[in-house]
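Peer 1: Just dropping this structure here.
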């Protein structure tokens, strides 16, 4: 079992190994890591496939959860696939993860399974009181490939659901966040159906999350995703929030990226920042 999230390493040691030399890029990266090291002592490397933004975000959310989020408690949460498929026939083309001998027509059952797994795992981990035990439970989950990838399918489906809600809100004249206009202003995703075909279906297979989809993920999970974007060090985009005007009661998860493609996780907040 390969652990999808590597054990802790000292942030500055990691940085020195990765960024030797005196090129402008290496100097900027080292300064970026130094800034992160004032808040966090360690880094955990996240496996670099096309799921890595989902993996890093979910791992952080679970490792600090203390209660089941309200959207996971909703009565209609697990019937979401049926409800959406009854309204939008095109969702039948949702790209499920590869499984041999799949029959068509099982898609809503399968996604329902993923959603139920997400709720169950989140509930179990949120009820663990000790931080060490909680971390162990997360490590164990992210060693189980079958479960881990099922959870990413659940997240992608929640992103689709959120996109449909935002799209309909906008069409009905309700206020929507700015990123929603940007999401549907792309030639490749002018509506939720295109978003699914050209973007969500490819996440994990041939592509990761683009910037605007980080906003969508944040909205789907109702978590603020705070990202140290190291290559933007010394600009006002060095620490980017998704969404940039977050709801006050949303939990915050923190990630690190060197290039907006691969994400790692900072852990162990330094004592003085906790105080």
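Indices start at 1 and increase along the chain as displayed.
Glycine residues also receive a Cβ, built from the backbone N, Cα and C atoms like all the rest.
Since the structure is predicted, the reported quantities are computational estimates derived from the model, not experimental observations.
What TrEMBL records for 49, 262 is active site. Here TrEMBL flags 52 as active site, nucleophile. Taken from TrEMBL, the feature site 'Linear diubiquitin binding' covers 237.
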Peer 1: Between residue 237 (site 'Linear diubiquitin binding') and residue 262 (active site), what C-alpha distance do you get in Å?
Peer 2: 17
Peer 1: State the count of C-beta atoms found within 10 angstroms of the C-beta of residue 262 (active site), not counting that atom itself.
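Peer 2: Its Cβ shell of radius 10 Å holds 18 other Cβ atoms.
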Peer 1: Within 10 Å of its Cβ, which one of these recorded positions (49, 237) has the largest number of other Cβ atoms?
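Peer 2: Sorting the candidates by Cβ neighbours within 10 Å, the top entry is 49.
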Peer 1: In angstrom units, rounded to an integer, how far apart are the Cα atoms of residue 262 (active site) and residue 52 (active site, nucleophile)?
Peer 2: 6
Peer 1: What is the total of other Cβ atoms whose distance to the Cβ of the residue listed as 'active site, nucleophile' is within 10 Å?
Peer 2: 23
